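Shown next, in structure tokens, is the structure this report addresses.
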Amino acid sequence: MEGTEGRSGTASSVIADWSLVFWTLCAVILPVLITLWCSFQRSRRQVLIRDIFRKSKHDWHYTDLFGQPSYCCVCAQHILQGAFCNCCGLRVSEGCLKKADQLFLCKEIMMRSDGGAHSSMPHHWIRGNVPLCSCCMICKQQCGTQPKLCDYRCVWCQHTVHDECMMDCLKTEECTFGEFRDLIIPPYYLSTINQMRKDKRTNYEKVVPYCRKHWMPVIILANTRSGNNMGETLLGEFKILLNPVQVFDLSKITPAKALQLCTLLPCNAVRVLVCGGDGTVGWVLDAIDEMKIKGQERYIPQVAILPLGTGNDLSNTLGWGAGYAGEVPVEQILRNVMEADGIKLDRWKVQVTNKGYYNLRKPKVFTMNNYFSIGPDALMALNFHAHREKTPSLFSSRIINKAVYFFYGTKDCLVQECKDLNKKVELELDGERIELPNLEGIIVLNIGYWGGGCRLWEGMGDEPYPLARHDDGLLEVVGVHGSFHCAQIQVKLANPVRLGQAHTVRLILKSSKMPMQVDGEPWAQGPCTVTITHKTHALMLYHSGEQTDDDASSTSEQDHVREQTDEDI
């Protein structure tokens, strides 16, 4: 009996052990299988969504969470995640995406040709998800107040209408394109121009929309890699308000190709809004210079700036501010572009010729809009540029970028890599040799602002120096004693060493290797001769909006600039 009981006890113990092993394996393997299955389904769903996005005429973007209460345009259900069109504003759930693509048309950048000429088009109504605080164009009451898919919005003029106010006449009424009709390129205009090109006619001046005299179409050039990564959001907002054909992403197309749209528009009427830093603005101005070389001077646009970079000194000089972080609505930005005044900006040729008897390399040639410098600020820019090239993902915020600049400036205060610059260089202003005091850096200015918002030439304002201008063909040349001196100047605790003004600046680096920069593009340079001469003018737009205390001192200067520009025109 005892043996039988022992064997039965051993058997039950083995069964219990195997049972424990089985359930342990189930507890481990089952979640893994579920995870793998979910991952497979998710990837399969993403492939299907990407396929729909690729074939669709809508500019779909997927989001995990809408920024405001949203309802699917197909099933009318409340949705938290799904897809939205950057051009027409449609919002749909993931399951209704394919059906929405078949049911709803997106904005047409060019009307389909039916053999006839068009000078107008009806409203393009989209139901639901109207902007908050919008008013009905019929009864003037607020739209979109009910918690459901309701009311209509025209994707061109942005007018909204209640469901009960929508009448048959509104569905066929001509669209006026709303507040920004002077900036929009209508689809029927492009279809007419396309037909004229086929007929080999080029008198585009006669094809002016709405029979308006003040049509000034705007082209948006946005650099999605600039500063605080707001370019992607701005692209969508501008596509909603304008014709999508007017909005370009500079990470996908070069400014030279985008600006060819100007040749299809009336002469001397186009305005360009550059969303990016000073480097992006310089890139666009170089493309405009190429247009001049090609003989397209009459199509040259005027350039406005939406500052997305780190420094934005050119933008600050022209009244567009020191940085943009979404605090101003896109609608107000377009109003500012419409109201801006045209001015001129000097552009300079910087030629760097290396020294040496056997030097067969061509001189390096740069185009300068803002400033040239040699010394501590160029060293900070060089260190910043080198680290951003290694780890670009870390430099996605304007605050982080300025913190890195501060770190390298503090480091240079201790190391002083650029000391005794006055012993290594010779400076000539309009052919006259300048005796240099003990300096670590020399800065040649074309614009009023430097170093992220400091008016360098005027300094603390305790001495009667003439205001720096950007259209007088003169450069302002100053010196600094080091990184700490630069910091003192920026907080108005010190003045720079003013060396003079000149039409031509020549700087000879006799020995050693020194950091140099042109408009934030730094490099390490050996013995050379740097010659800065006037190159051309650029047509810019000046925004005379709200001014800060620093800007108030330059009001008379800008008024004089505008008067001079009007006389030239």
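Backbone N, Cα and C define each Cβ position, glycine as well.
In TrEMBL this protein carries:
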type	residues	note
TRANSMEM	20-40	transmembrane segment
DOMAIN	57-106	domain 'Phorbol-ester/DAG-type'
DOMAIN	122-175	domain 'Phorbol-ester/DAG-type'
DOMAIN	213-354	domain 'DAGKc'
REGION	546-569	region 'Disordered'
COMPBIAS	557-569	compositional bias 'Basic and acidic residues'
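Counting residues per DSSP class in helix, strand and coil order gives 7 helix, 14 strand, 29 coil for the domain 'Phorbol-ester/DAG-type' (57-106). Mean pLDDT, taken over the domain 'Phorbol-ester/DAG-type' (57-106), works out to 90 on the 0 to 100 scale.
Secondary structure by DSSP for the domain 'DAGKc' (213-354): 58 helix, 34 strand, 50 coil. For the domain 'Phorbol-ester/DAG-type' (122-175), residue counts in helix, strand and coil come to 5 helix, 13 strand, 36 coil, using DSSP.
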